[in-house]
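Annotated features in Swiss-Prot:
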{"type": "TRANSIT", "residues": "1-45", "note": "transit peptide"}
{"type": "DOMAIN", "residues": "69-290", "note": "domain 'Radical SAM core'"}
{"type": "BINDING", "residues": "78, 128, 159, 220, 322, 323, 324", "note": "GTP binding site"}
{"type": "BINDING", "residues": "85, 89, 92", "note": "[4Fe-4S] cluster 1 binding site"}
{"type": "BINDING", "residues": "91, 132, 183, 254", "note": "S-adenosyl-L-methionine binding site"}
{"type": "BINDING", "residues": "317, 320, 334", "note": "[4Fe-4S] cluster 2 binding site"}
């Protein structure tokens, strides 16, 4: 298999946009020698991640509830606000739809804020709102306002399909929304309708432009690559970064209940990178943050950037700092793990903050070192993505 490799030119542990890893490509019979072995590379990562954790603890002392048995510090909470969505994306929701949790069983606004406050007081500094589609929740503006007011929270983000975002974004920004990711898997309107089973491509493009006009930089665009569906648009997506502050994020197709995952649909990172390198040979690897899930790149002359999220072929479990609170109040420590624990039930039974912290901490301590291989993941019972929120 043709692979693209990286050579470290600056091992500075601090994150700076000017620190790059040069990219070479193995194409055809030619090859590029990897300058750092996998073992050495893993040691460098482990060392930088450990150093990052020490800095984090010094800057913001955390409770033990956020540290798992492998020493990973979890400072990033993803909150699913709803299971409802105004699209029916093929990789996210089964064609027949999903059974929605009755509204009384979903977390209320006050419950979301209380639980989020527990995490932030313990050391979480970033919260991302997901769904379903988070913007279909009527009280999203008030939720953003209350969450952004939590002392210690540094970043409030949202992942959205962009269908209704353009008209809501000005107010969401006023309510403290710091950053956003917009999901878009094709630049072709007809293909958009096929992939999402709905119309609305023009509205998503408008939302991207609105975000740029409001000063969001970068505006992150999530693109799930699926063989035979949109892998012919990879370089077209990269072109979006030429004149606009857009960070295009190519995501490997992941298996979840109901999305008919097939390894043949998976376009691995190395293959995507080969296509990009051939078209944009000046692409350069940026120095990534120790807990970054993406491999980040810039291209000479481009205003934006390109990233790759390699959950299937090159997982990033060693530096995982993410936790998930689902719309029904279940707490999930791994995107690909089936294990969940309810925080809603003890909350509604009158549990105090200390009791809730104990439940959270115990779940975090049970987190595994890494998720299973992609073929095993495909066989594991898990929720549809629409229920998890990514």
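Even glycines carry a Cβ here, placed using N, Cα and C.
Note that this is a predicted model, so its numbers are computed, not measured.
A C-beta separation below 8 Å, combined with a sequence spacing of at least six in one chain, links residue 183 (S-adenosyl-L-methionine binding site) to 89, 159, 160, 161, 162, 221, 222, 223, 224. Fewest Cβ neighbours within 10 Å among the binding-site residues 85, 89, 92, 317, 320: this applies to 317. If you take the CA of residue 324 (GTP binding site) and look 10 A around it, the binding-site residues you hit from 91, 132, 254, 334 are 334. Looking only at the binding-site residues 78, 254, 322, 323, the one with its C-alpha closest to residue 92 ([4Fe-4S] cluster 1 binding site) is 254. Separation of the C-alpha atoms of residue 254 (S-adenosyl-L-methionine binding site) and residue 334 ([4Fe-4S] cluster 2 binding site): 14 Å, rounded to the nearest whole number. All protein chains shown were included, and the count of other CB atoms within 10 Å of the CB of residue 322 (GTP binding site) stands at 19. The binding-site residues 254, 323, 334 differ in how many other CB atoms lie within 10 Å of their CB, and the one with the most is 323. Comparing the Cα of residue 132 (S-adenosyl-L-methionine binding site) with the Cα of every entry in 78, 85, 220, 322, 334, these being the binding-site residues, the smallest distance points to 85.
Spacing of residue 78 (GTP binding site) relative to residue 334 ([4Fe-4S] cluster 2 binding site) is 11 Å (Cα to Cα, whole number). Taking a C-beta cut-off of under 8 angstroms and a sequence separation of 6 or more, residue 128 (GTP binding site) has the following same-chain neighbours: 76, 77, 78, 79, 157, 158, 159. Across the structure, residue 323 (GTP binding site) and residue 91 (S-adenosyl-L-methionine binding site) place their CA atoms 22 angstrom apart. If you compare Cα positions, residue 334 ([4Fe-4S] cluster 2 binding site) sits closest to 322 out of the binding-site residues 85, 91, 220, 322. Secondary structure at residue 254 (S-adenosyl-L-methionine binding site), as computed by DSSP, is coil. Here the domain 'Radical SAM core' (69-290) has a mean pLDDT of 93 out of 100. Using Cα positions, the member of the binding-site residues 317, 320, 322 nearest to residue 85 ([4Fe-4S] cluster 1 binding site) is identified as 322.
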